[in-house]
Amino acid sequence: MQRGATSFALIAGIAGLGGLLFGYGTAIVAGALLFLRHVFSLDASSAGLFVAIALAAAALGAALAGVLADRFGRRRIIALAALLFAVGSLLAALANSIPLLFLGRACLGLGIGLSSTVTPLYLAEITPAKQRGAIVTINQLLITVGILIAYLISLAFADSSAGWRWMFALGALPAIVLLLGVLLLPESPRWLLQMGRSEAARQALQGLRLDPAATQWQELAANNPGQRSLPWRALLAQRRPLQIALVLAIFQQITGINVVLYFAPIIFHAAGFTSTDGEIIATVGIGTINFFATLLALRWLDRIGRRPLLLTSFLGMFASLLTLASCMLAQAQGAFLYLLAFAVAAYVAFFAIGIGPVFWLLISEIFPTGLRGRAMGLATIVNWLSNMLVTGVFLSLMHWLGEGQTFFLYALASLVAAWYTWRRVPETRGLTLEEISASFARDDSRAHQE
């Protein structure tokens, strides 16, 4: 591998650690709660609040991330996310009271929210068009790695009385690595140009590319004339990209992925699995499938394109959820329980090759630089709020409607999402960020003329 390629891979890998923190921070709570219920005598409402406080803080972090990244730069906000995650992990690990435990979880949530916005934003802005799909998907891949590591660590410390402290404390290690690694990260050339710092942008671009890239510099400078952040009202003029970002943010959640990831043991138990097999499949097994399917997406996004993978994802999720719901309604027994388990595995795989990574990739591509941070922040807020809503009402839906009927709703949402993708989502493979923005501008212009 050439030195330039090695350097760029290192930069992308360091920045992508934000995804690992995201995945680890959201998944480790399930294992830790098994201890915390007893250590701190948490009742059901307190345990629910402990989970919800991180989601609420993540939504707040996402709300702040875009504004902060547009004002102070992408690199500094990556560092802030890492710092919050490290502090939150250590506070939670050392907590000897409920307020300190909750404060640590809130810090973790803020770090997760910042990271969920700024990591794909930074990766999209530093990457050449032909590699952008794969590089931005490193973020999603490392989210799945973080989830899988959290599952494995939870299993490793399951029999230790102080296991919950180790679960939180180990999360500080990648955060510290990222905090130190930020020193090696150049600032986004596009953000520097937006701030009028053309010479710093040129140096950052030369440090990132595998060749002098004079032509790329000329194109980048010509399309980013040094105008500072655009006003918020300019975001309303981005009607089509804004609609796509917000609708996909909702569809990524209302098709049920975090219901499956968070409540898999409950789903398998409701379906009839009475041994520990269901819990094992629901944790390490599903985490492994999620990782390898995302790895496939990383290879395919720049070869096949975003739109085909998104359509395949939603249609595959529809078929999988339909099978899962049918098995539950039929009260599957014997061999049909394994069909149900296969449907869950297929559902996670179809999510991971499409809407899982493609959502984060598309929202990092479809807005102009002067609005990109805030637009991504808004889409991420909607994503987190949708997550809170879907996971918050899942158990109630199971009680009111029944298991099978609940998953029929998620199947229907997947089918509607496929229809929306077919009608509204464009292909962005191989285009520069500036070319994508220009394409949306031309479409809006034609729509006004008509």
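Including glycine, each Cβ sits where the backbone N, Cα and C put it.
Per-residue pLDDT, averaged along the domain 'Major facilitator superfamily (MFS) profile' (11-429), amounts to 87 for this model. What TrEMBL lists as domain 'Major facilitator superfamily (MFS) profile' is 11-429.
For the transmembrane segment (7-35), the residues of the chain that approach it from at least six positions outside its boundaries are 1, 42, 47, 50-51, 54, 78, 81-82, 85, 105, 108-109, 111-112, 115-116, 118-119, 122-123, 126-127, 135, 138-151, 153-155, 157-158, 161, 163-164, 167-168, 171, 174-175, 177-178, 181-182, 184-186, 207-210, 261-262, 287, judged by C-beta separation under 8 angstroms. The annotation transmembrane segment is assigned in TrEMBL to 7-35 (among others).
Annotation source TrEMBL lists transmembrane segment at 47-69 (among others).
According to TrEMBL, the transmembrane segment annotation covers 76-95 (among others).
Under the heading transmembrane segment, TrEMBL lists 101-123 (among others).
Per TrEMBL, the feature transmembrane segment maps to 135-158 (among others).
Among the features that TrEMBL reports, transmembrane segment is placed at 164-185 (among others).
According to TrEMBL, the feature transmembrane segment maps to 244-268 (among others).
Residues or ranges marked as transmembrane segment by TrEMBL: 280-298 (among others).
TrEMBL lists 310-331 (among others) with the feature transmembrane segment.
The feature transmembrane segment is assigned by TrEMBL to 337-363 (among others).
For 375-401 (among others), the entry in TrEMBL reads transmembrane segment.
Here TrEMBL flags 407-422 (among others) as transmembrane segment. For the transmembrane segment (407-422), same-chain residues at least 6 beyond its ends with a Cβ under 8 Å from one of its own Cβ atoms are 247, 251, 254-256, 259, 307, 310-311, 314-315, 317-318, 321-322, 324-325, 328, 355, 397, 401.
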Which stretch, 135-158, 164-185, 337-363, tops the Cβ pairs under 8 Å count with the transmembrane segment (101-123)?
135-158
